[in-house]
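Asker: Please find one structure pasted underneath; my questions will follow.
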Amino acid sequence: MGDHLEKSQHALLNEGDENEMEIFGYRTQGCRKALCLIGSIFSLGMLPLVFYWRPAWRVWANCVPCSLQEADVVLLKTTDEFKIYSWKKVIWISLSALSSTSGLTPDHPLITDEGYIINRAIRKPDLKVRYIKVQKIRYVWNNLEGQFQKIGSLEDWLSSAKIHQKFGLGLTSEEQEIRRLICGPNAIDVEITPIWKLLIKEVLNPFYIFQLFSVCLWFSEDYKEYALAIILMSVISIALTVYDLRQQSVKLHHLVESHNSITVSVYERKAGAQDLESRLLVPGDLLILTGSRVQMPCDAILIDGSCVVDEGMLTGESIPVTKTPLSQTASSVPWKMQSEADPRRHVLFCGTEVIQAKAAGSGAVRAVVLQTGFNTAKGDLVRSILYPKPMNFKLYRDAIRFLLCLVGTATIGMVYTLCVYVLSGEPPEEVVRKALDVITIAVPPALPAALTTGIIYAQRRLKKKGIFCISPQRINVCGQLNLVCFDKTGTLTRGGLDPWGVVPCDQNGFQAVHSFASGKALPQGPLCAAMASCHSLILLDGTIQGDPLDLKMFEATKWEMTASGDDLHIKEMLAHTIVVKPTDMVGQVPAEGLAIVHQFPFSSALQRMTVIVQEMGGGRLAFMKGAPERVASFCQPDTVPTSFISELQIYTTQGFRVIALAYKKLEMDCPTTALMREKVESDLVFLGLLILENRLKEETKPVLEELISARIRTVMITGDNLQTAITVARKSGMVSEGQKVILVEANEATGSSSASISWKLVEEKKPGPFGSQDTYINIREEVPENGRDRSYHFALSGKSFHVISQYFSSLLPKILINGTIFARMSPGQKSSLVEEFQKLDYFVGMCGDGANDCGALKMAHVGISLSEQEASVASPFTSKTPNIECVPHLIKEGRAALVTSFCMFKYMALYSMIQYVGVLLLYWKTNSLSNYQFLFQDLAITTLIGVTMNLNGANPKLVPFRPAGRLISPPLLLSVVLNILLSLAMHIVGFILVQKQPWYIMDYHSVCPVRNESASALAASPSVPEKTRSNSTFASFENTTIWFLGTINCIFVALVFSKGKPFRQPTYTNYIFVLVLILQMGVCLFILFADIPEMHRRLDLLCTPVLWRVYILIMISSNFVVSLAVEKAIIENRALWIAVKRCFGYQSKSQYRIWQRNLANDSSWPPLNQTSYSDMQGVSYSNPVFESNEEQL
């Protein structure tokens, strides 16, 4: 409908963002509203219920389309594959109350700059603002541009100069009031949802509405026992769900409430500094930060001073981060684009803790409020919890489709029932009641709940192993994983790095290695000074805190650290400046100490950090450390040894982490704060290399071997050096012995030359300089005979990945099919890589330590965080054990949960069909099962089986294939259909045979004399003793036969469908389930063979000859044997299904399988020792299936 609306009636909200929505304008119409009200009354409340389930229908029924400018209601539709509708009322804010007190007039608003959204949102002359609130975010109507725009943040177009000029002196009280009214309070309010609201929301679930319908029907038929049982189970289920939701609400409320009531110091333009409650902050306010351990109540841009911040809540990184002020540059470029590095280094994020605030000189640490409330980084995190992206898992969709098939089956049964009972002359109310009964029998209300029981048990088992899950539906997805990406540092390797040695250099090249294991003191000089000062360590309460790498590097120098600012008398010294001094242990030194006066913090994008230090009694120096290639590029070429590349490879190929150091002397005439980073980081002198050990975790190699043996691809995504990554891949087993590694290098276009891509074979040579293997690049023109075998891996850097994506995108899927090592990857590139794998129809898992992996963890089908920080909320799974052992555990439990869901699906489907067939056969005789017979089957049999059947644990061994990912798959459908046919045949045979028995008498309901005689004796003697006549309207020989066949068959079907290996532990290990089956079978056999009249009367059964009871048992046993044989010999016969696929020429339609087949037949792939150039076309690869995401999850 929305597609036909004019442009003024339709727009995009959050265009280009992850939460992009279509928005449609509607105006409420009185007559339509009245008609809906009448319809609600006459439908007895069903119409409002339908509107509750279908929000779009409510809007279409009550409103008429109109332009967004005139709308009083808007309809929202997500643009993703789910197309979820919601509606919001348009709210008006009146500023007229402020006009008299603050001087606001239509012609002269206080916010005079036309570029500000607040000014454009005020409608003149009545001074009103209209807005909508969507997922806790306000969107105001921009009168000039004619669209709804997000409010609560500073405008993106602001330059750094504009921020300093406009907000550097604070806002006036009038501006604060206007912004406060329009932007709303600065609070992340997560109200504790009242129990009654949770209760109503849960009860209005379609599943419970269907149960309510069923219960009402059963009460009308005097089927009170089972109705009460269903009510009891539903009440318990609803109570548990409401309790769980309430606990989550309380937990989230307590998590955020502390940030809503903080007192902060705000500088107001006229009144000066004053204390203010954080709820009253607005974008543009000027914060004054004092003291330490300050909780940030909003996002703010640091404009003066520096701060050390703990951002663990956002990034999972427990290492303090240094924030630097936004420089005041005379440029109109937006401030985010103006910064060479990540603009986040200037931003203090809401929810983080300012450990230390250091003012520049005698001034104060100042920050301008950037975003408030749910617009902040923490607000976005909380919104991702409140409004998670729905899971479009295929299992759920297939279950819905099958439910519709059952509804179709029920419809056929209803028509059959109507015909039989109408022709029999039954009263109309009885006919309707019996027809409705068929629906509750054919469509089991417990099916959706049964599909989740396996997930619940799996979640409990994972919790015992220290793996926590915030998205239980993802457990089933774990069972489908066929590719897992791993971060390197802290995930595959140990998080801590130990200094191994340094390689100094001078004008003659690299010198001898200084090993820290020797115990000798590090030679004093610029290299030692660089290690002692080029870091982001801080001194807090007498303890050195910061990056473990920085800490290890500093400790290796044997220098000491103090915080001082008063006794040095150094110009431009910040308060509590960090000072590093040599101790007595290091002997004579050229300097008394160094004061770190300025930092250019480390950035993963820039791969370096720089500090400016002041020598005590000396000059000013700059020290840089970072990735060797990056540092060398900033140095004077003649100071970089000619053997730099080969020397670097010696260590990186051994798996060492290598950091380069450089320095330069600075002029004293320029203030430190005025020095540009570009000027400082130029013409440096190369000092040498710092070598650090980064060993594999003990668990890494066995886990990777287990995954590879299970044919699950493993991929490394790291920010570390490419050579180091290749070595770690070899040592960990990710690249097996004998497999080739092909280095893919791509370079951007420069000048007249096009972008290029080259392929080089990385080979091994032995022995290496430290008794280990070495690697080198094969640049020979000839290709070895085995160079083009199928066992190879591609390795490339983040830079090459970017160039390939931009200029050689048609090659990208080919590279990804065998791409294993991705080094020097930025956080954004990690997310992009995961998405590219998903486009190839891989089910992708991502395992990282949470530091720079949050984006990739969120993008993957299954994200596993090894961090216990709050940032693990970005990941569905969090492991308390900081190693990758959790990955195979998750996959095993996921496979087990998936198979369990299938088992329960099949069982519930068969259970309903068994009852359905039995009841329809009895309807032919205008009979049915009695209430107690239904109760016995529903409660004593099916409910107990449903609770215990899912208790099988996961198989401890990972097999090299996955369970079926769909309910609508040939083996599963064949299993269900064949078992339904077998049950149908058995019931029909029993129904017909019982009527052909010689003792079958229509007028009598019992053939059991005082002493049970044989059927032949009964046939020979028509004058049988006095027989008891039953008063029940249900008791008949057909009823007794059908009930026994159906009840015992339900037990046997559970045994047949309870799967064990290869994905679950054998059924006999599920002791509770086995015990339940034995007890149920014992009770059923007792009822079958015991002649207890009172028991028969209660269950509305008739006593039959013993031989007929044996016949019943033979029929059920035969059905069980055939069913078990079919299940084992056909359904679970993997070799048979593979042969059938080959016979019919079926091949997987997954994109990665198609590419694998194509590349296997391409003799020219992979290219070796070749260089290709871009034709500048850049044809991109697109997977239509992924784009629509119909089959993705």
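Every residue gets a Cβ built from N, Cα and C, even glycine.
According to Swiss-Prot, the protein has these features:
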{"type": "TOPO_DOM", "residues": "1-32", "note": "topological domain 'Cytoplasmic'"}
{"type": "INTRAMEM", "residues": "33-53", "note": "intramembrane segment"}
{"type": "TOPO_DOM", "residues": "54-198", "note": "topological domain 'Cytoplasmic'"}
{"type": "TRANSMEM", "residues": "199-219", "note": "transmembrane segment"}
{"type": "TOPO_DOM", "residues": "220-224", "note": "topological domain 'Lumenal'"}
{"type": "TRANSMEM", "residues": "225-245", "note": "transmembrane segment"}
{"type": "TOPO_DOM", "residues": "246-401", "note": "topological domain 'Cytoplasmic'"}
{"type": "TRANSMEM", "residues": "402-422", "note": "transmembrane segment"}
{"type": "TOPO_DOM", "residues": "423-437", "note": "topological domain 'Lumenal'"}
{"type": "TRANSMEM", "residues": "438-458", "note": "transmembrane segment"}
{"type": "TOPO_DOM", "residues": "459-901", "note": "topological domain 'Cytoplasmic'"}
{"type": "ACT_SITE", "residues": "Asp487", "note": "active site, 4-aspartylphosphate intermediate"}
{"type": "BINDING", "residues": "Asp849, Asp853", "note": "Mg(2+) binding site"}
{"type": "TRANSMEM", "residues": "902-922", "note": "transmembrane segment"}
{"type": "TOPO_DOM", "residues": "923-933", "note": "topological domain 'Lumenal'"}
{"type": "TRANSMEM", "residues": "934-954", "note": "transmembrane segment"}
{"type": "TOPO_DOM", "residues": "955-973", "note": "topological domain 'Cytoplasmic'"}
{"type": "TRANSMEM", "residues": "974-994", "note": "transmembrane segment"}
{"type": "TOPO_DOM", "residues": "995-1036", "note": "topological domain 'Lumenal'"}
{"type": "TRANSMEM", "residues": "1037-1057", "note": "transmembrane segment"}
{"type": "TOPO_DOM", "residues": "1058-1071", "note": "topological domain 'Cytoplasmic'"}
{"type": "TRANSMEM", "residues": "1072-1092", "note": "transmembrane segment"}
{"type": "TOPO_DOM", "residues": "1093-1105", "note": "topological domain 'Lumenal'"}
{"type": "TRANSMEM", "residues": "1106-1126", "note": "transmembrane segment"}
{"type": "TOPO_DOM", "residues": "1127-1193", "note": "topological domain 'Cytoplasmic'"}
Asker: Near the topological domain 'Lumenal' (423-437), which residues from the same chain, at least 6 beyond its ends, have a CB less than 8 A from one of its CBs?
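Answerer: Beyond its ends, the topological domain 'Lumenal' (423-437) has Cβ neighbours at 217, 220-221, 414, 417, 919, 923, 926, 928.
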Asker: Are the transmembrane segment (1106-1126) and the transmembrane segment (402-422) close, by which I mean at least 3 Cβ pairs under 8 Å that are 6+ residues apart in sequence?
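Answerer: As far as Cβ distances go (cut-off 8 Å, pairs 6 or more apart), the transmembrane segment (1106-1126) and the transmembrane segment (402-422) do not touch.
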Asker: Sequence-remote contacts (6 or more beyond its ends) of the topological domain 'Cytoplasmic' (955-973), Cβ cut-off under 8 Å?
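Answerer: Distal contacts: 394-395, 398-399, 401-402, 479-480, 482, 706-707, 709-712, 888, 891-892, 895-896, 898-899, 902, 905-906, 1060-1065, 1131-1132, 1134, 1137.
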Asker: Per DSSP, what is the helix/strand/coil residue tally across the topological domain 'Lumenal' (220-224)?
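Answerer: Grouping H, G, I as helix and E, B as strand yields 2 helix, 0 strand, 3 coil.
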Asker: Return the average pLDDT for the topological domain 'Lumenal' (995-1036) as a whole number.
Answerer: 55
Asker: At the Cα level, what's the spacing in Å between Asp487 (active site, 4-aspartylphosphate intermediate) and Asp849 (Mg(2+) binding site), rounded?
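Answerer: Each residue's Cα considered, Asp487 (active site, 4-aspartylphosphate intermediate) and Asp849 (Mg(2+) binding site) end up 7 Å apart.
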Asker: I'd like to know which of these recorded positions, Asp487, Asp849, Asp853, is least surrounded, judged by other CB atoms within 10 A.
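Answerer: Each of the recorded positions Asp487, Asp849, Asp853 was scored; lowest Cβ tally within 10 Å is Asp849.
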Asker: Can you tell me which recorded stretch out of 225-245, 402-422, 902-922, 934-954 has the most Cβ pairs within less than 8 Å of the transmembrane segment (974-994)?
Answerer: 902-922
Asker: Below 8 Å between Cβ atoms, which of the listed ranges 225-245, 402-422, 902-922, 1037-1057, 1072-1092 makes the most pairs with the transmembrane segment (934-954)?
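Answerer: Ranking 225-245, 402-422, 902-922, 1037-1057, 1072-1092 by Cβ pairs under 8 Å to the transmembrane segment (934-954) puts 1072-1092 first.
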Asker: Counting by DSSP secondary structure, give me helix, strand and coil numbers for the topological domain 'Lumenal' (1093-1105).
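Answerer: Counting residues per DSSP class in the topological domain 'Lumenal' (1093-1105), I get 6 helix, 0 strand, 7 coil.
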Asker: Check the residue listed as 'active site, 4-aspartylphosphate intermediate' against DSSP and tell me helix, strand or coil, would you?
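Answerer: Reduced to three states, the DSSP call for the residue listed as 'active site, 4-aspartylphosphate intermediate' is coil.
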Asker: Same-chain Cβ contacts of the topological domain 'Lumenal' (220-224) under 8 Å, 6 or more residues past its ends?
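Answerer: For the topological domain 'Lumenal' (220-224), the list is 433, 437, 931, 934-935.
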Asker: Determine, from DSSP, whether Asp849 (Mg(2+) binding site) sits in helix, strand or coil.
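Answerer: Asp849 (Mg(2+) binding site) sits in coil per DSSP, no helix or strand.
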Asker: Please give the sequence-distant neighbours of the topological domain 'Lumenal' (923-933): residues at least 6 beyond its ends with Cβ less than 8 Å from one of its Cβ atoms.
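Answerer: Distal contacts: 221-226, 416-417, 420-421, 424, 426, 434, 437, 915, 1032-1036, 1038-1039, 1042-1043, 1098-1100.
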Asker: Could you give me three numbers for the topological domain 'Lumenal' (923-933), the DSSP helix, strand and coil residue counts?
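Answerer: Here the numbers are 4 helix, 0 strand, 7 coil.
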